[in-house]
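Copied from TrEMBL, the annotated features are:
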- 371-398: coiled coil (COILED)
- 862-877: compositional bias 'Polar residues' (COMPBIAS)
- 1-363: domain 'PTHB1 N-terminal' (DOMAIN)
- 437-527: domain 'PTHB1 GAE' (DOMAIN)
- 530-637: domain 'PTHB1 platform' (DOMAIN)
- 744-819: domain 'PTHB1 C-terminal helix bundle' (DOMAIN)
- 402-424: region 'Disordered' (REGION)
- 858-877: region 'Disordered' (REGION)
Amino acid sequence: MSLFKARDWWSTILGEKEEFDQGCLCVADVDNSGSGQDKVIVGSYKGYLRIFNPHPVKPGDEVQPEDLLLEVQLREPILQVEVGKFVSGTEGLHLAVLHCRKLCVYAVSGTQGNVEHGNQYQIKLMYEHNLQRTACNMTYGPFGGVKGRDLICIQSMDGMLMLFEQESYAFGRFLPGFLLPGPLAYSSRTDSFITVSSCQQVESYKYQVLAFATDADERQDTEQQKLSSGKRLAVDWILNIGEQALDICVVSFNQGVSSVFVLGERNFFCLKDNGQIRFMKKLDYSPSCFIPYCSVQEGTINTLIANHSKMLNVYQDVTLKWATQLPCIPVSVKVANFQDLKGVIVTLSDDGHLQCSYLGTDPSLFQAPKVDSREINYEEMNAEMKELQKIIREATKTQDVLPDSEKQRDVTVTAEVSPDLDEESQAIDSEVKAGIVPSVTVKITIQSRVTAQKPSLAVCVQAPLAVTCDQFVFDDLEPDSSETVVLSVFLKENCSPSELEGTCMVSYNIPTELNPEGIPRVAQCNFSLPLKLICFPAQPSKAANHKLTIDTNKPPISFVTIFPDFVDPSESDQANALGFEFFTGTKTTLLASKTSQRYRIQSDQLEDLWLVMKELIHRLEVHFKKQNCKDFACTFSGSIPLQEYFELIDRHFELRLNAEKFQELLSERAVQFRAIERRLLTRFKDKTPAPLQHLDTLLEGTFREVIALADAAEENQANMFQAFAKLKSATHLVIMLISLWQKLSTDQVAILEATFLPLAEDTQELGWEETVDAAVSYLLRTCLSKSSKEQALTLSSQLSMPKDTSRLKKNITLFCDRLAKGGRLSLSTDSATQQAAVVPGGCATIPESDLEERTIIPGSTPVFSSNGQITKQKSKP
């Protein structure tokens, strides 16, 4: 909208890193020059008071030194500046400056200069008032109908109106029902003060009512006011506008009529002086400030409204007449008269951009150049097209998605996990019942090659793990600089995590020539936590409810070699048997065969097998990689423990159902509690008291039920959190067993994880069961379908909590059966082509032997035979 930009007549930038607000701008003939030419008075929160007299040679010229009449630094921040007849004995204009705890009135005068430096201006303190309360804003006017002078009313932060009759303090009154201060204005026609309370109501108080109300030297409650002398402060009229107000302005361009303008957060109101709405305008933007001014049309009022989109709109009553673009967001706007130019718009932004502008258009002088007419050479165009297509094909073949500039990132973040646990645990508010909960130190380093603005670091670990500090904010990073932070990770909740991994994410801005504020960028890295953070070595257990056997193609490795942090080298009996005890109290045992290439993991809890199995496979891969052995592989030939997995699903779903029931019961009891409250309030307010009829007893009983239900719901929520953590661990275990069983590729494992682990957190609105059921159903309908009839089935587009888990368990069983019969996972939509490529016959589920599934008799020693079965050697009596 270059055509409708505000025409810059005069502008300047005030100070450096100074702040301004709504009351910091005022225009008036403060030096009483008599020429009718306004001066611009600006005060800042740093205490600087400036007075300008703009007079550019031509519009848009730079600021001349003589434009600044006066600049002085006061000792305190300036909240508001006003010009009026504040000194007794004279009707000249004086400047009132409001500080937090002081009101000062100055006389501004100029001395004719005899040299080329020009006129000299100075201010003289006429009087000041030290305030007993912190001020918020002020207004002035001929209170009580006085002639030839203005009185000042200051509103404090705690709701007291302090009135000053020029050099003397008159009285103070507290506003009833006050919470937070709002804008304040004075209407001379009705002799009343108008403000907007925290109840989002426009309230009017007569000056006479304030004068004769109870004195407010000390704030009194309602009962004390009834007993003390004087009258209670009563409001003249109230209007509910339903939103907070930004500013109030009372104008009276016609002697017989005055209007109260209120600028809300989304609406603009014009009220009569008796509180009735004259008109209102709903705004489709967020306003910042406004000013009404006189209209050339009889019976209408023009209003300037600025918004946070840097636009200034001109309204005639409710009709938009003009819109113009400003260079900044103004916090205050005024209309002033300078030299021979009347109606100049003066705006001030919060960072000190002071501008005097006028409305108009700035037509564009650009003319499109004539296009050179030439004949088209189609052979050259075809050759160029072929060359471009060749470049496009080469670009699409490359595997490097990032451009060259992104290969070496501007900001990199690295995380280094200490190999040892902290000597002194840094665990905070841990709910683990173990004696001492360990912690491990993570050192995070941020390195920047370029200037990085507003860098912030977020560290995330999966609950029930926690960090000592998860948010860090830094100053701007210079090129080739770095920042380092140190934090600790520990187990907070009384359950085992499903993953021992964390993520570091740095967000920052990179400034460019076109965007000085910077382009947002993100850098991240992952780190792995040690297993000993959640468990410690324990005596191996001979009996267990759940057992899994992992086959390898290499001879078994001694646990002294691959688990040096859990095995004492002096204890030779732990070379093939190792126990882990989690801080939650459960145990897991790891066994290595002495004759075959197998490892067994066993535990009483299915979910506890996951982390130990993952750690075992990871350490075996690292061990053989160091020996340059590239053909190491792990397989699983047993049966997938689906029944035990389904028990965890049922447990989690049962807790979700309980949470839904608790929510319904709480809602019913809350409705009952509010109904009893209403009955009791009606009885108490009745002038003729009636018997309570045991309503108080019923209220107390309902209250206890609400508290009991809330406690039960909170306990159920904690149990559901633990159940979901166990379910995620068991899901990770099932995914790993399926991948080892079917020898899935990395992409296929990623599909499995996206299918069975879609949610980081479980909620009532979107739960694990319905999400996984939808994902498994999609795979069964596409890449794992048996016929075109299954592919034609449509899935529900809306996820909702199921009634039970039977459908989910059936789909998971069918999913494993399809994989066993040769199905292959793929996200390609061409499922028919994939189905044709499936190897016939497939792999059938190979159950473990009956001997392996039996519980080992206490006192016997398990020994792996060459055929993978367990024989038992009973201990001799």
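One-based numbering along the chain as shown.
Keep in mind that glycine also has a Cβ here, set from the backbone N, Cα and C atoms.
As the structure is a computational prediction, the values presented were derived from the model and not from experiment.
Along the coiled coil (371-398), the predicted structure has mean pLDDT 81. Residue counts for the domain 'PTHB1 C-terminal helix bundle' (744-819) under DSSP, split into helix (H, G, I), strand (E, B) and coil, are 43 helix, 0 strand, 33 coil. Broken down by DSSP into helix, strand and coil, the domain 'PTHB1 GAE' (437-527) contains 0 helix, 57 strand, 34 coil. The helix, strand and coil residue counts that DSSP assigns across the domain 'PTHB1 platform' (530-637) are 31 helix, 31 strand, 46 coil.
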